């Protein structure tokens, strides 16, 4: 006689739920911590768990930075008007004006959309990373490592640019423009002692005005660079994780057969156990829905067990009863996941397109200004290194946007290949009817936008600073 357990708790599972059953591993994965640290370091975001006093200090610091950047931009604009005609001085001023403008725009735009950025981060953690299966978490971790690698590669470029613009002139006190003419005024000569050109309503040669202005210039050049860098890395992290989610989806489609079989394996084991000789079934192997012998008579229990055996034997005769529509349900889950990733990228576009568009629009101006100065300062190694490092940093930033944007495009296109690579020819008609629609949608690449004119891709990078236009611009400036 079939013996059963006296007590067994069983919670039925809903068919077609292929979510992560190992959520503890995914929930323990921390993402974008480095981004929050960098934003806190430049004063844009107070640390998590900070008290009211710390938050008030951060707000006051950001307000101070914004006000000072407006004053610096105003002083630089007046300096351009005052020293109009000195091309070297104007080109030098334009480089710093572009940098402070981008810093001001990045700062204000992040503060205005800070809630949306934090919501995107929470959405990425809760809706995507936390439900990722343990075997796919490596793809998410690779996205984090990619950002760390980017920081290792970009930090020397940024450090060289800051050093050449701030530290080296401060140490050497070298002149960045030719003001040796006897007709120039004392105010124009005093400009040579500044880190960058800026009009001031007082004489900077007097102490302590000179020390204060020099210290403020050094501080705000570093803060402005840090703001552009931190906000840019945040954009790159969102793009990197978007590409990682497309990788996870493609891997899930490649492992469709394995994942569905792994989900159905417990049901198949129960069927095989009940197909054995009843006398060989142990108490531990008994199905969860066996009758309780304490509440039934022996004859009634034998009759019930015999009826259950007939019903289950009939189910065993249909080999595909437990596989019916499971592959279609798995495909539907993948399509929903694909839709969610596309919506996530659309939200990323809404909060990043303005800043990236301004940075791409600013690239031709920086190429012209730095190119002009490089062609005119071959005999001055410090000045040549100064503008060449700025050119390298600008190109590297735009190239980074293009690289990560191209990665999103490539990984989104691989989803269509993964859909087509499924064994659709062995599936049921419902699966075959649904698959072409999914392939058609996945065939359209998902792109990260820079405004309404540019896509962040290698094509955009080549069109903005193509080798032909780049050489032509240098030739025209040099001639």
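Glycine residues also receive a Cβ, built from the backbone N, Cα and C atoms like all the rest.
Residues annotated as region 'Disordered' in TrEMBL: 1-22.
Here TrEMBL flags 1-10 as compositional bias 'Basic residues'.
Marked as compositional bias 'Basic and acidic residues' by TrEMBL: 11-20.
Residues annotated as transmembrane segment in TrEMBL: 60-84 (among others).
Per TrEMBL, transmembrane segment is recorded for 90-111 (among others).
Positions annotated as transmembrane segment by TrEMBL: 147-171 (among others).
The transmembrane segment annotation in TrEMBL covers 218-239 (among others).
Taken from TrEMBL, the feature transmembrane segment applies to 384-404 (among others). Only residues 6 or more beyond the boundaries of the transmembrane segment (384-404), in the same chain, are considered here, and those with a CB under 8 A from a CB of the stretch are 95, 150, 154, 157-158, 160-161, 163-165, 168-169, 176, 228, 232, 235-236, 239-240, 243, 356, 359-360, 362-363, 366-367, 370-371, 373-374, 377-378, 448, 450, 456-458, 460-461, 464-465.
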Highest-contact recorded stretch vs the transmembrane segment (218-239), from 60-84, 90-111, 147-171, CB pairs under 8 Å: 90-111
Intrachain residues whose Cβ lies under 8 Å of the transmembrane segment (60-84), provided they are six or more past its termini: 43-44, 90, 93-94, 96-97, 100-101, 103-104, 107-108, 111, 188, 191, 196-200, 216, 220, 223-224, 227
